[in-house]
Amino acid sequence: MASPRLETYCCPNRDAATQLVMNFQPEVFCGVCIGSASVGLLLTILQLLPKKGQSPRKTPKASSSSTILLLISICDILGGLGIIFRSSIWLGFPGFIANISVVNRTDVWPSAFCVGSAMWIQLLYSAGFWWLFCYAVDSYLVVRRSAGLSTIVLYHMMTWGLAVMLCVEGIALLYYPSLSSCENGLQHAIPHYVTTYVPLLLVLVVNPILFRRTVSAVASLLKGRQGIYTENERRLGTEIQIRFFKIMLVFVICWSSNIINESLLFYLEMQPDINELFLKNIRSAALITWIIMGVLNPMQGFLFTLAFYGWTGWRVDLKWRKREIPWESMSSSTVGENAYPSPVNYQSNIHDSKKISTSDSQHTDEAISMLSEGNTSGDDRLTRSSPVYQGW
């Protein structure tokens with residue numbers, strides 16, 4: 001799981017609230033993290049692998065949105081690997097991790113591992129947040145005809161630049177001037193928590209607004225494509241809206257426990273003694289949400305693939321497929337044309353004129369197809385209702 005408490009645990013003089021959750025059944029917690037991350041990692045990879053008897057997803061052209069969806073899954077996979085590695089070391093070498101609590105020591109490897117593994121996990125999940133924000137921005141810009149493959153470079157710069165900058169800044173402020181003096185005051189901890197939760201809160205607040213505007217723009221495009229709003233267009237617009245809803249639902253399910261847990265722990269930190277009897281329910285709620293975080297955070301990658309593509313099945317196709325040689329397809333088409341001659345010139349002229357008159361409609365089809373990528377039924381209805389298809 002990804003929490004700023006992992007970085008504060010690297011401080012020998014950690015606060016009482018962090019000590020409470022990190023010392024609560026550490027073996028069970030690490031086992032839960034390993035199990036959840038392993039299952040989520042395997043299912044995510046299974047979702048992304050090609051399947052037998054399943055044609056590849058068809059898009060009119062390579063889109064930045066499809067690239068962003070893949071990058072989100074990659075961030076989740078790498079973050080899950082970090083969780084598995086960190087939890088395995090904690091579970092297999094408890095004496096190695098116990099050295100972190102020693103203030104005066106010469107062995108720096110336990111602290112280096114603690115800080116490095118926590119930063120790895122935090123950086124990748126933070127990058128995933130920024131990529132999800134870029135997906136919402138790109139979806140809106142695609143519909144507004146202001147995005148393309150060239151914008152992916154700007155998304156890379158923004159995502160990795162902000163993720164690295166915020167992560168390094170938060171860690172530097174937390175551990176300044178050294179590990180032994182961190183957590184001595186809120187001036188060290190608060191900037192670290194702010195830099196950690198800024199991208200998460202950004203997705204929670206801004207993404208629903210962008211998704212809602214994108215859905216409204218899609219409805220306008222579908223109405224203006226042929227001058228009518230048929231049942232097919234209405235269903236396609238609904239499917240895109242449901243897809244955005246699933247993405248936000250997965251995000252809320254996986255990360256709402258982090259916000260609740262952090263709020264409870266901050267409340268406990270402000271108390272003179274967190275072991276008071278009247279705080280028993282608060283402590284119990286904080287520990288419960290701590291375990292829930294260990295289950296839900298690593299499962300985000302798999303749940304996102306379900307929201308993006310749906311369930312793709314179990315039958316993985318790992319065989320190498322022979323690609324069609326260009327001259328073989330040309331020769332076969334030539335034989336077909338010689339056997340069944342037809343007035344090709346007239347049909348091609350008609351088709352060319354229709355392509356000119358329907359260029360705007362084709363751009364609309366491409367934009368909507370990008371948003372509904374992975375939805376075969378939506379793409380089929382889009383093809384059947386497009387002017388080009390009807391012209392043929």
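Cβ coordinates come from backbone N, Cα and C, glycine included.
According to TrEMBL, the transmembrane segment annotation covers 28-49 (among others). Nonlocal intrachain contacts for the transmembrane segment (28-49), taken as residues 6+ away from its ends with a CB within less than 8 angstroms of a stretch CB, comprise 1, 70, 73, 76-77, 80-81, 83-84, 87-88, 90-91, 290-291, 294-302, 305-306, 309, 311-312, 314, 316-318.
Per TrEMBL, the feature domain 'G-protein coupled receptors family 1 profile' maps to 40-301.
Within its own chain, the transmembrane segment (69-89) has Cβ neighbours under 8 Å at 1-2, 30-31, 33-34, 37-38, 40-41, 44-45, 48, 96-97, 113, 117-118, 120-121, 124-125, 127-128, 131-132, 135, 297-298, 300-301, 304-305, 308, 373, counting only residues six or more beyond its boundaries. Per TrEMBL, transmembrane segment is recorded for 69-89 (among others).
Residues or ranges marked as transmembrane segment by TrEMBL: 109-133 (among others).
Counting same-chain residues at least six beyond the ends of the transmembrane segment (153-176), those with a Cβ under 8 angstroms from any Cβ of the stretch are 4, 7-8, 10-11, 64, 68, 115, 119, 122-123, 126-127, 130-131, 134, 138, 182-183, 188-189, 191-196, 198-199. The transmembrane segment annotation in TrEMBL covers 153-176 (among others).
Listed as Cβ neighbours of the transmembrane segment (196-215) (distance under 8 Å, sequence separation of 6 or more from its ends, same chain) are residues 4, 122, 126, 129-130, 132-133, 136-137, 139-140, 143, 162-163, 166, 170, 237, 240-241, 244-245, 247-248, 251-252, 255, 258-259, 262, 371. Taken from TrEMBL, the feature transmembrane segment applies to 196-215 (among others).
Sequence annotations record features per position, and here TrEMBL assigns transmembrane segment to 244-267 (among others).
Only residues 6 or more beyond the boundaries of the transmembrane segment (287-311), in the same chain, are considered here, and those with a CB under 8 A from a CB of the stretch are 1-3, 20-21, 24, 28-29, 32-33, 36-37, 39-41, 43-44, 47-48, 57, 69, 72-73, 76-77, 79-80, 83, 125, 128, 243, 246-247, 249-251, 253-255, 257-258, 260-261, 264, 374-375. What TrEMBL records for 287-311 (among others) is transmembrane segment.
The region 'Disordered' annotation in TrEMBL covers 371-392.
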